[in-house]
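Student: Pasting the relevant annotations from TrEMBL:
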type	residues	note
TRANSMEM	53-72	transmembrane segment
DOMAIN	101-239	domain 'Peptidase S54 rhomboid'
TRANSMEM	110-131	transmembrane segment
TRANSMEM	143-159	transmembrane segment
TRANSMEM	165-186	transmembrane segment
TRANSMEM	198-217	transmembrane segment
TRANSMEM	223-243	transmembrane segment
TRANSMEM	255-274	transmembrane segment
Amino acid sequence: MGAGDVFIDCCGETVPASSLSPWQLPLAMCCPCCIGDPCSENRRNWYLAQLKTFIGIISVVELCIFMGEVYLSGTWSAMLAVPTDTLIKMGGKVAVLITAGEYWRLVTPIVLHAGIMHCVINIFVQCMFGIQLEREWGSSQVALIYLAGGIYGNILSVLFSPGAVSIGCSGSIFGLFGAQVAFILGMWKNMGDLQKKMLTMSLGISACFICIFSFSVGVDMSAHLGGFLCGIVIGLGYFSHLWGESHWWSHHGKVIAYGTLATTTLIALVYFWHNPELGYKGD
């Protein structure tokens, strides 16, 4: 362990990066609880502490709402596939209802899921990435990116997949991915070789999940794209100071990024207003 060693916070246990083998380093990026004793006292305290974070709270909320979906469906088979009519009643994205004025449906789909596997995978991925990002960026910033990514994803879903009833927090997760890309772009020139290697691994893992999430059957790719683009734009604005005082982006990035996001959102809402025929027509 050298004086300039990089330490990794692996779910409550601080581990020097130099002590990790080549196969453990990517494991520390995607499942840090697997490094060392997963049930140590420090780890148990860390697990409990995560329930107070935004990601921890929203994950518990999503799990509880999913159980509510199953209950309202009236059948345990809904654990595997929640009926579409239940998802619509609970606030799923239905374009024709959104363009009719139910704009809250741009928000509510974030906390809905189509089945137990959909719910568990989304919660696992958002905890895996979101908790680390929340520790680095703060709860308020992660909450903003998470909610904005989900909303923007649903906006693009209305525009490009108007016939689909869409639900899930995937757009929000992709928002976090996008913000992570923007953060790395800003930090890159100030990083050491090991940090670059670790962040490249993290991005590679993110890219793998993006491929798995985006090219599965029944996935709303427009929602993923919307969340990802929103995350990049917010990240480029929020982390504009990382580009350095001499770079023009550090002085104008926030205005350009946030202005772009606000303008495109306004244009989309105006389009909804003038195109009430968009959307799911039912059977």
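Positions of Cβ are set from backbone N, Cα and C atoms, glycine also.
As the structure is a computational prediction, the values presented were derived from the model and not from experiment.
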Student: Looking only at the domain 'Peptidase S54 rhomboid' (101-239), how are its residues distributed among DSSP helix, strand and coil?
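Tutor: Grouping H, G, I as helix and E, B as strand yields 113 helix, 1 strand, 25 coil.
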Student: Need a quick answer: max count of Cβ pairs under 8 Å to the transmembrane segment (255-274), which of 110-131, 143-159, 165-186 is it?
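Tutor: Looking only at 110-131, 143-159, 165-186, the most contacts with the transmembrane segment (255-274) come from 143-159.
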Student: Other than its close neighbours in sequence, what residues sit by the transmembrane segment (53-72), given a CB gap under 8 Å and a spacing of at least six beyond its ends?
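Tutor: Sequence-distant neighbours of the transmembrane segment (53-72): 78-79, 82, 86-87, 89-90, 111-113, 116, 119, 122-123, 126-127, 130-131, 134, 139, 142-143, 146, 169.
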Student: Counting only residues 6+ away from its ends, which parts of the chain sit with a Cβ under 8 Å from the transmembrane segment (110-131)?
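Tutor: That would be 30-31, 50, 53-56, 58-59, 61-63, 65-66, 69, 78-82, 87, 90-92, 142, 146-147, 150-151, 154, 167-173, 176-177, 180, 206, 209, 213.
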Student: So if I exclude everything within five residues of the ends of the transmembrane segment (165-186), which remaining residues of that chain have a CB under 8 angstroms from its CBs? That is, six or more out.
Tutor: 58, 62, 84, 87-88, 92-94, 109-114, 118, 122, 125-126, 129-130, 133, 137, 142, 145-154, 157, 199, 202-203, 206, 209-210, 213, 219-220, 223-236, 238-243, 280
Student: If I take every residue in the domain 'Peptidase S54 rhomboid' (101-239) and average their pLDDT values, what number comes out?
Tutor: 87
